[in-house]
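**Student:** According to TrEMBL, the protein carries these features:
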- 27-63: region 'Disordered' (REGION)
- 35-45: compositional bias 'Basic and acidic residues' (COMPBIAS)
- 52-63: compositional bias 'Basic and acidic residues' (COMPBIAS)
- 79-97: transmembrane segment (TRANSMEM)
Amino acid sequence: MSKANTITEPTNHTVAERVAAAAHNAIDQASPKLEQMEQRLRTGSEDTSAYVKEKSDEAKQKFNDGLEQSKDFARRNPVLTIGAAFTAGALVAALLGKRK
């Protein structure tokens, strides 16, 4: 039995070495491709981040512009603004009153 183990062990060791060498080879071959993929992902992420920031800034600017236009309208037309607010409040109150 010990002879069988002695004969089998070197063969297993050689197979293990071959598997390890093949794994190292595969990793070595994949490494440059993975580095390229990582760089593309980073670049894409940076581009996406810049795009989102740009669109966010545009949305903030549009919101602020709309707010300023609303304030200007209210300053130029105070009676109309108060009337519209009153009408909207009365409409909401009427709708909420009917729910009960």
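Using N, Cα and C of the backbone, Cβ positions are placed for all residues, glycine too.
All TrEMBL annotations are machine predictions without curation.
The structure displayed is predicted, hence computed values, not measured ones.
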**Student:** Sort the residues of the compositional bias 'Basic and acidic residues' (35-45) into helix, strand and coil with DSSP and give the three counts.
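**Tutor:** Its residues divide into 11 helix, 0 strand, 0 coil.
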**Student:** Helix, strand, coil: count each for the residues of the compositional bias 'Basic and acidic residues' (52-63), based on DSSP.
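**Tutor:** Summed by class, the stretch gives 12 helix, 0 strand, 0 coil.
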